[in-house]
């Protein structure tokens, strides 16, 4: 698979994550850790079925146990920290801090062997961050020092996902089928945390179950497999910058389905995110 193809495959994850908010709204009032359990069970099962059909179980047995620990900590750690941050801090501000991960991917990737961090990558990532900031924090009331623990956990969330994504590049010999095991382990850990921390509220109707199934098949399923391909074989710096399209596209989807209202913030964010992606793409093409 060529570098360009792998980058395009990885960008499918960004498109799928743009549907995350819409499908999550459809699952209300199912609590987040239970929803995590349901979705990662679906995503892991799909991966295991695909692995079985392609005869890849032998590969899974040969993977080092440390890789499974790393992958599980990446998927489970990110979501556990994210949900915790949203409980301890205002969601808009916590979400904005957590969404530093694309910028961190661009910066951290400069330390990878064979990668060159150019000024255009940094400018593009910063433009994307500003666009995401308008979308996520547009109606926010500023930072509350009393919520500092939540902000710090949100930063740990961003560091966890960016670290997972960049270090995955060093595991290029590990088959993408390993993500199925990461998902199953994440489902188990999420289930344990749910039983300890939350009240069980299953999806209540056909729409809620359909939304949960769609989440598990797409944004919390297939997305992690294609992201694995993208960060291991594609242009990780361009992917990092392009990831800022997720909150923008997510908002556009919500507007399209009547869940959110259009605004000038959306228009400004569109210009920033699109412009940032173009700048980063030009930097990649000249490298």
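Glycine is no exception: its Cβ is also placed from the backbone N, Cα and C atoms.
Taken straight from TrEMBL:
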type: DOMAIN; residues: 7-136; note: domain 'EamA'
type: TRANSMEM; residues: 33-53; note: transmembrane segment
type: TRANSMEM; residues: 65-84; note: transmembrane segment
type: TRANSMEM; residues: 96-114; note: transmembrane segment
type: TRANSMEM; residues: 121-140; note: transmembrane segment
type: TRANSMEM; residues: 146-167; note: transmembrane segment
type: DOMAIN; residues: 149-280; note: domain 'EamA'
type: TRANSMEM; residues: 179-197; note: transmembrane segment
type: TRANSMEM; residues: 209-227; note: transmembrane segment
type: TRANSMEM; residues: 239-258; note: transmembrane segment
type: TRANSMEM; residues: 264-285; note: transmembrane segment
Cβ-Cβ under 8 Å with the transmembrane segment (96-114): same-chain residues at least 6 beyond its ends: 81-82, 85, 121-122, 124-126, 128-129, 132-133, 136-137, 140, 151, 154-155, 157-159, 161-163, 165-166, 169-170, 236-237, 239-241, 243-244, 247, 280
Tally of residues which DSSP labels helix, strand or coil - the domain 'EamA' (149-280): 107 helix, 0 strand, 25 coil
